[in-house]
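**Q** This is the structure, below, for whatever I ask next.
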């Protein structure tokens with residue numbers, strides 16, 4: 001039976017779907033694997049003999065064929081049709097993904113070649129083919145053009161007015177254009193262009209061949225184009241010094257040509273000369289575009305660190321555009337160009353691996369350069385979601401005694417808290433000196449409200465109230481602190497206090513969502529349904545965040561029917577599932593011990609452009625953990641690491657799951673230890689759970705001295721980062737059990753006495 005909330009979504013909020021489709025979804029989810037879930041062992045950290053079993057063939061999952069996939073229109077490509085017509089749960093699609101690889105190889109492309117970039121630009125304006133002068137030219141290819149085949153130049157001949165290519169409405173192919181130009185000037189007796197037309201022709205060539213960020217372009221081909229264009233513009237023996245006196249238009253074009261050639265030093269020198277002049281706003285905008293091109297070329301040829309160095313070196317020019325957390329040119333004529341430059345800088349510099357180590361290696365540089373490098377790393381890591389990297393940079397800045405701008409700190413704290421990385425968020429918050437400064441109080445309220453720490457959240461809220469600077473967001477966060485604890489009555493009281501019926505201030509969707517969250521946390525679905533209707537009556541239809549709360553609530557109950565309906569209705573409402581929704585479904589499937597379907601959902605998310613975060617990846621790996629599929633955990637990790645995708649973060653949670661799999665399958669301690677010692681080099685800081693897993697591996701190998709040394713190291717290092725974690729009882733129990741297994745009774749008793757002396761209450765297992 002569908003709950004009242006789901007019925008409200010189906011009948012009251014969104015268009016009604018067909019009964020057949022809902023039935024298909026319901027059946028698909030039920031048949032994904034309706035096994036009784038065995039409780040996950042609570043004594044994970046306690047060593048015990050393992051039961052080994054031989055290999056056996058995996059059983060095929062029970063599936064069904066949905067009518068839309070097996071009907072009269074099904075065929076060899078029916079899987080593709082299915083992917084576009086059905087929700088996530090069609091098992092026919094699911095089976096496609098449950099193979100050895102999470103991501104299948106791409107299907108081979110049809111056609112015999114790559115469409116030129118310039119052709120792609122004008123594809124939307126291409127007209128039906130007619131017998132024109134240009135088509136006649138392409139049909140009458142000269143033997144001389146055929147004789148010298150060039151990877152950059154296409155085969156063509158004949159005659160046409162090359163000047164017609166300068167018209168904006170005419171498609172411009174660089175290979176065709178260059179061949180026509182070469183044919184026109186081959187005898188050095190005829191130049192088809194006036195000086196201005198010649199410049200325009202070269203600009204169109206550069207526009208056509210310049211790569212965009214991440215565009216796969218051969219460096220040798222770019223170099224060849226650069227040599228051609230330099231020869232066309234200046235001759236073969238020109239040097240940079242001879243170019244610096246040219247007008248700005250020629251300077252800009254020359255800088256782009258030298259960048260194509262790979263002479264970035266010369267290109268920067270030319271661009272820098274242009275910036276020294278008295279420029280109009282339009283001319284400044286052109287130079288901003290030039291620097292963006294230089295960054296892309298530096299990234300293409302030398303990598304992200306070279307691009308970072310270029311920004312630092314050209315700070316006097318680029319600093320005003322990229323040197324602040326927010327775009328300083330919002331509302332001006334430079335807003336678009338500035339944001340384009342900032343976006344390019346962020347994406348490139350976010351690829352720098354282990355920025356903290358890079359910063360540390362430059363400690364001999366001047367403080368100004370160090371600060372600029374650190375700020376650029378933070379400006380890139382935080383918006384691009386590399387939060388652990390940003391945290392490591394901040395820690396390194398403190399060790400180098402560099403000042404930390406509060407805007408960067410508050411931005412990172414909010415992103416970490418939103419990602420539930422509270423250990424790191426609390427550490428960064430401790431870097432800020434307490435004050436009554438509004439940003440400090442607001443971020444403190446946000447941080448503790450996200451953790452459900454009501455006492456601390458109220459403290460910051462009351463300070464904000466005393467300063468008379470409460471915002472609607474601050475009010476929502478105080479409500480959130482009670483909501484995550486399931487304190488429904490208090491949340492409603494605060495809602496009524498902040499927004500009385502006769503008051504001027506009206507609640508937003510965020511305030512209604514917080515009330516919905518409170519009922520969801522307590523499992524009160526009748527109250528949840530009531531407030532959902534109240535929210536809609538107030539003119540706030542459910543958004544993606546509301547759906548994520550509802551979806552997680554029903555998934556936690558194992559309500560297959562409603563989970564399927566909610567996902568289907570999201571698509572009907574044109575709300576595409578986000579990373580949060582997919583993660584919820586993967587966790588739901590993990591609870592049902594169905595890693596194959598979890599992998600299918602993960603693959604579906606990647607196909608829809610979802611960029612996985614640490615929570616999503618850990619959920620996928622835990623789906624195999626819950627099913628006891630330890631090789632599956634290792635296979636997924638190998639896939640993620642081998643993909644080389646900078647956006648997929650291999651955080652300490654991911655490595656902990658991998659270590660857990662290694663320990664459970666009995667991997668030799670030497671291998672586990674090597675992985676553990678490599679964590680520091682990849683900026684993944686071990687936590688208490690990491691040490692517990694490595695200690696268990698040492699105990700399994702009978703290396704009790706090593707286990708004791710690791711425990712001492714854990715106390716020394718982790719204790720500073722994560723006080724009062726309460727994991728000592730598990731670790732000491734592991735060590736005590738290891739001694740007992742080896743017959744070391746006196747050492748085991750000593751460990752037990754140490755636990756009592758520490759005030760640790762032994763568990764029943766102990």
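Cβ from N, Cα, C; glycine included.
What TrEMBL lists as region 'Disordered' is 101-133. According to TrEMBL, the compositional bias 'Polar residues' annotation covers 124-133. Annotation source TrEMBL lists repeat 'PPR' at 543-577, 578-612, 687-717, 728-762.
Walk me through where these features lie, including what they touch and how far apart they are.
**A** According to DSSP, the secondary structure content of the repeat 'PPR' (578-612) in residues is 26 helix, 0 strand, 9 coil.
Nonlocal intrachain contacts for the repeat 'PPR' (687-717), taken as residues 6+ away from its ends with a CB within less than 8 angstroms of a stretch CB, comprise 45, 47, 423, 652, 655-656, 659-660, 662-663, 666-669, 672-673, 676, 679, 725, 727, 730-732, 734-735, 737-739, 741-742, 744, 747.
Under 8 Å from some Cβ of the repeat 'PPR' (728-762) lie the Cβ atoms of residues 45-47, 688, 691-692, 695-696, 698-700, 702, 704, 707-708, 711, 714, all in the same chain and six or more residues away from its ends.
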**Q** If I take every residue in the repeat 'PPR' (578-612) and average their pLDDT values, what number comes out?
**A** 88
**Q** Using DSSP, tally how many residues of the repeat 'PPR' (687-717) sit in helix, strand and coil.
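**A** DSSP composition of the repeat 'PPR' (687-717): 27 helix, 0 strand, 4 coil.
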